[in-house]
């Protein structure tokens with residue numbers, strides 16, 4: 001939106017901007033913010049903050065950190081009462097001035113620089129498709145003597161027998177793709193989200209109800225370069241959640257909020273370009289893929305068990321990655337085939353449209369780290385000419401047992417992928433994009449803050465199974 005500090009100053013004055021919202025991303029992937037009066041904001045100055053209070057950052061004895069604005073990300077916040085300009089910032093060490101190695105946006109910036117340094121390509125495009133659910137209410141608690149969650153939605157299949165205000169037209173389990181209103185209760189809400197996305201600079205391509213009951217949705221927008229695509233995804237999630245909130249609803253990108261129905265994934269489309277020319281197309285190759293694209297796929301599939309520590313980084317992620325709910329649990333590639341973890345979309349003979357789609361990820365993690373890790377895995381495949389296993393152009397869910405035994409599967413838990421990341425991360429260290437410190441911090445944080453707390457607590461379903469032993 002802006003190219004320099006003078007542009008920002010002029011906009012603030014001309015548009016009577018009242019506040020500037022300073023935004024940055026914590027290590028797990030949630031945007032943080034504090035707000036300055038616009039009169040106190042100097043786009044040439046750094047902002048200080050306490051890094052020890054941010055998840056995954058600094059210890060208390062070295063807590064001071066500084067923020068530098070990325071003025072290209074400035075957007076007017078559509079939800080604040082007083083006119084507010086949101087700006088994403090990079091994090092730096094206040095003493096050395098160096099980029100902070102645990103700043104997710106700095107990781108993405110380094111990934112783009114490393115790509116250019118390889119000579120393989122100069123641009124990587126990423127197009128995430130993040131699914132989400134919209135509920136009317138959610139209640140949950142975990143205490144010493146109880147643990148529960150309760151979701152409700154006027155469109156939920158479980159409400160067909162509800163007594164109050166029941167006019168039918170509930171979405172059946174796995175029945176949400178693509179019925180028209182009134183079965184689709186959320187067409188207007190998605191339209192409102194889409195218009196807000198457009199006003200914020202994202203180019204919406206389509207929106208629809210997804211397969212799941214209770215308002216599962218997908219809104220697709222145009223791809224972007226790596227760092228910008230991660231920024232776009234954070235903006236997308238912010239707008240989805242706030243439009244839902246404004247309408248008395250609540251939106252979640254949790255991978256598996258509902259037992260017995262489809263989870264919410266985030267298919268990630270990717271392509272490499274050099275000098276304005278696409279590198280993934282060859283009309284003679286399988287599915288129109290070039291050797292470069294095939295090796296890129298080989299790298300991602302080889303490293304997928306460790307990659308999932310960034311692309312599917314929550315305990316809940318692995319409730320989605322199970323057979324039977326259209327989740328891509330098979331680590332193979334194929335054209336058109338949605339049962340494969342890596343799909344080659346049919347794009348005709350247009351070289352510029354050729355891309356690969358990694359279908360395993362979800363939106364519960366940090367997009368800056370996830371996209372950077374995917375790029376580095378793909379580049380490792382290109383540099384080392386890693387051949388993927390032969391493509392499988394049949395329904396992988398219906399393979400005979402002897403065939404299925406030869407198909408690699410995604411790991412089944414967060415603990416398993418963290419173990420794999422611990423053993424397989426050399427490809428992430430190339431170009432100093434990820435550092436050993438970041439990887440160690442990520443693994444330790446996930447084990448201590450997500451795996452260990454669940455190991456300490458009995459699950460409610462255990463009472464169904466074991467109370468009367």
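Cβ from N, Cα, C; glycine included.
Pulled from Swiss-Prot:
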| type | residues | note |
| --- | --- | --- |
| DOMAIN | 15-96 | domain 'GS beta-grasp' |
| DOMAIN | 104-469 | domain 'GS catalytic' |
| BINDING | 129, 267, 357 | Mg(2+) 1 binding site |
| BINDING | 131, 210, 218 | Mg(2+) 2 binding site |
| BINDING | 205, 221, 222, 223, 269, 270, 271, 338, 343, 352 | ATP binding site |
| BINDING | 262, 263, 320, 326, 338, 359 | L-glutamate binding site |
| MOD_RES | 397 | O-AMP-tyrosine |
At a 10 Å cut-off from the C-beta of residue 263 (L-glutamate binding site), count the other C-beta atoms across all protein chains.
25
Relative to the Cα of residue 129 (Mg(2+) 1 binding site), which of the binding-site residues 210, 218, 262, 320, 326 have a Cα no more than 10 Å away?
218
So which binding-site residues out of 222, 262, 326, 338, 343, 359 end up within 10 angstroms of residue 210 (Mg(2+) 2 binding site), measuring C-alpha to C-alpha?
262
Confidence summary for the domain 'GS beta-grasp' (15-96), mean pLDDT rounded:
94
Quick check for the class: what is the C-alpha distance, in angstrom and rounded, between residue 357 (Mg(2+) 1 binding site) and residue 218 (Mg(2+) 2 binding site)?
16
List only the single closest residue to residue 205 (ATP binding site), chosen from the binding-site residues 262, 320, 338 by CA-CA distance.
338
Whole-number Å value for how far residue 131 (Mg(2+) 2 binding site) lies from residue 262 (L-glutamate binding site) (Cα to Cα):
11
Sequence gap of 6 or more, Cβ distance under 8 Å: name the residues on the same chain that satisfy this around residue 218 (Mg(2+) 2 binding site), in order along the sequence.
129, 130, 131, 132, 207, 208, 210
Which of the recorded positions 263, 320, 326, 338, 397 has its Cα nearest to the Cα of residue 271 (ATP binding site)?
338
Quick one: DSSP breakdown of the domain 'GS beta-grasp' (15-96) into helix, strand and coil?
12 helix, 35 strand, 35 coil
Fill in the CA-CA distance, residue 267 (Mg(2+) 1 binding site) to residue 359 (L-glutamate binding site), as an integer in Å.
4
Which recorded positions (263, 320, 326, 338, 397) fall within 10 Å of residue 269 (ATP binding site) by Cα distance?
none
Find the longest CA to CA distance in the recorded ATP-binding set 205, 221, 222, 223, 269, 270, 271, 338, 343, 352; express it in Å as a whole number.
22
